[in-house]
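Each remark here refers to the structure printed beneath this line.
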Amino acid sequence: MLYSDKDIRVAIDAGELGIEPFDADLIQPSSIDVRMDRLFRVFNNSKYTHIDPKQQQDELTSLVEVPEGEPFVLHPGEFVLGSTLEKFTLPAHIAGRLEGKSSLGRLGLLTHSTAGFIDPGFSGYITLELSNVANLPITLWPGMKVGQLALFKMTSPAQAPYGSNVLGSKYQGQRGPTPSKAYLNFR
């Protein structure tokens, strides 16, 4: 079941769904808008000859914090990691799906590459996989609406929600754009 605006408000008021900072104006008919944080991870193209998911490549990306009042410029063909301004905490019976904003998609901004699903039990800031498929640079302003999170009630709560000890949830509690930890899947 997809949550409506009413369902989202009820879940927040009941303390089931955590959103910090919360702004009621972000609630849409069947989703909640998410805003861009000021932290980005850019790829260091000169440090590695290639990306190997099996290897821990700590210097593959560098953290960039955009100064107050300034944008981040995403160039054509560029891929960076961003983060939501909001921290989300989902209970064991609610899953989420992050989607881009139509108005930004029409400008060539992709909000995520493949990782739009948010598991029940997740708590943290959502990492955005930002790509510019336009032929002009796009300015990304901290605080701007960049996506929307649709919420789904599961038929029953997850027995082992994200963050459970049995799962080895690599991104639980993440703050800011978190680089890939794919190498942990090979251990």
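Placed from the backbone N, Cα and C atoms, the Cβ positions cover glycine too.
What Swiss-Prot lists as active site, proton donor/acceptor is Glu129, and the listing cites sequence analysis. The feature dCTP binding site is assigned by Swiss-Prot to Lys101, Ser102, Ser103, Leu104, Gly105, Arg106, Asp119, Thr127, Leu128, Glu129, Gln148, Tyr162, Lys170, Gln174, with sequence analysis given as support. According to Swiss-Prot, the feature site 'Important for bifunctional activity' maps to Gly116, Phe117.
Among the recorded positions Gly105, Gly116, the residue whose Cβ has the fewest other Cβ atoms within 10 Å is Gly105. Annotation note: Ser103 (dCTP binding site) sits in a helical segment as assigned by DSSP. In this view, the densest Cβ surroundings among the binding-site residues Lys101, Lys170 belong to Lys101, judged by other Cβ atoms lying within 10 Å. Close to the residue listed as 'active site, proton donor/acceptor', meaning Cα to Cα within 10 A, are none of the recorded positions out of Lys101, Ser103, Gly105, Phe117, Gln148, Lys170.
Looking at Gly105 (dCTP binding site) and Gly116 (site 'Important for bifunctional activity'), their Cα atoms lie 15 Å from each other. Proximity to Gly116 (site 'Important for bifunctional activity'), judged by a C-alpha distance within 10 Å, picks out Leu128 from the binding-site residues Lys101, Ser103, Leu128, Lys170. For the dCTP site, whose annotated binding residues are Lys101, Ser102, Ser103, Leu104, Gly105, Arg106, Asp119, Thr127, Leu128, Glu129, Gln148, Tyr162, Lys170, Gln174, the maximal Cα to Cα separation is 33 Å. The two recorded residues, Gln148 (dCTP binding site) and Phe117 (site 'Important for bifunctional activity'), have Cα atoms 12 Å apart. Taking the Cα atom of each, Lys170 (dCTP binding site) and Phe117 (site 'Important for bifunctional activity') are about 15 angstrom apart. Under the three-state DSSP scheme, Lys170 (dCTP binding site) falls in the coil class. Of all the binding-site residues listed here (Lys101, Ser103, Leu128), Leu128 has the Cα closest to the Cα of Phe117 (site 'Important for bifunctional activity'). Highest Cβ count within 10 Å among the binding-site residues Ser103, Gln148: Gln148. In this structure, the recorded positions under consideration are Phe117, Asp119, Leu128, Glu129, and the one with the smallest number of other Cβ atoms within 10 Å of its Cβ is Phe117.
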